[in-house]
Amino acid sequence: MRVLSLFLKDFRNYTDLRLELGPEMNSIFGLNAQGKTNLLEALYILSLGRSFRTSRLTDAIRFGASHFFIEAVFSHKEVFHTLSIQVDKKGKKILFDGAPITKLSELVGLFPVILFSIKDIAIIEGSPSERRRFLDLLLAQASDKYTEHISLYHKALDQRNASIKAQNQKAISAWNSPLIAYGSLVAFLRNECTKKLNTIFQTLWDNTLKETLSLRYESSLITEESPTLNDIASNYYEQLRIANTKDLDLGYTMVGPHRDELLLTINDLPVAKFSSEGQKHSLLAVLRFAECVYLQEEFCIHPILCMDDIHACLDQQRLDQLLQLSNSLGQVVTTSTICPDHRSTTSCIFHVTQAQVSLVAPQSL
């Protein structure tokens, strides 16, 4: 996939902007609070229907305006598409090639974006739910079926928990079947994804720094290295049976993929406890790169890689190594307060000042 143009109307500090992007590296630089990150946010909103900066999209409406409008023209497999979103106080309207999209599950995967930002530190330092969310979002971008599976799993989980609180054993048993069916599939897909990500991750990391890194999916449902879906389902059935009394005492379901963990280690030690800030940000950047490679290799999906405020997250040596890796990832958009070296592999350099974007190099696209 390649974004050809991005149009913003009354979005954040942009009144009216049309930006043409280059096919490879696009470096956007300028002072703080000029509108650099807003451009990445716009791409992210088009991808997922939500922002990485605020829980309310209406916060992104320019002061004094009634709504914002974002539109991207992009090509996928040599076919041109248009995706737009308009947000006002009443809600949002999303159009793909002129046809309305009414559910976010229909949007995810149409316009895949992988974002690296300083907020990614939550993947390492946050709760296990942050790491589960990381895997779920990656799998959702690969397949809309996964979005359906995870949604049905949480529906079954909510219903089973309600039955537990009501002490209704008959209803608990009835909800065990869908819980096992969807939960086993979620755990299986997460585990397979993690194994493939780990292989890619280690290859990319070996190309940059010399520490030994590892990703591992930890689940009580997975007791062997390469379990089948039936193996996981059998384990889930047995664990629910054993935990039934304890579930009734506690008032909720103790076992399942909603309790699983993605473990990140460096030199066999937990990254969260035994890594420097520089190592953590480097790891996260390579993890985002691994996502891109995973989508390309497994699903022939070529997402846009967006990297926000790269000089704030990474030292120059690590940054140079990572940017060298990015050459093979397709279209990349970065932001920084520092103007990149014009002699580097950067294909397009843009300067942003007070929501005005100018092309610095090359002179024309």
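Counting begins at 1 with the first residue displayed.
From the backbone N, Cα and C atoms, a Cβ is placed for every residue, glycine too.
Feature annotations, courtesy of Swiss-Prot:
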BINDING   Gly30, Leu31, Asn32, Ala33, Gln34, Gly35, Lys36, Thr37  ATP binding site
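Structure coloured by features recorded in Swiss-Prot.
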| residue | record | Cβ contacts under 8 Å, 6 or more apart |
| --- | --- | --- |
| Gly30 | ATP binding site | Lys36, Thr337, His351, Val352, Thr353 |
| Leu31 | ATP binding site | Thr337, Thr353 |
| Asn32 | ATP binding site | Thr337 |
| Ala33 | ATP binding site | none |
| Gln34 | ATP binding site | Asn13, Val352, Thr353, Gln354, Ala355 |
| Gly35 | ATP binding site | Arg12, Asn13, Tyr14, Val352, Gln354, Ala355, Val357 |
| Thr37 | ATP binding site | Arg53, Asp308, Asp309, Thr335 |
Neighbour tally for Lys36 (ATP binding site), based on other Cβ positions within 10 Å of its Cβ: 24
Env. residues of ATP site, Cβ within 8 Å of mean position of Gly30, Leu31, Asn32, Ala33, Gln34, Gly35, Lys36, Thr37 Cβ: Thr335, Thr337, Val352, Thr353
Secondary structure at Gln34 (ATP binding site), reduced by DSSP to three states: coil
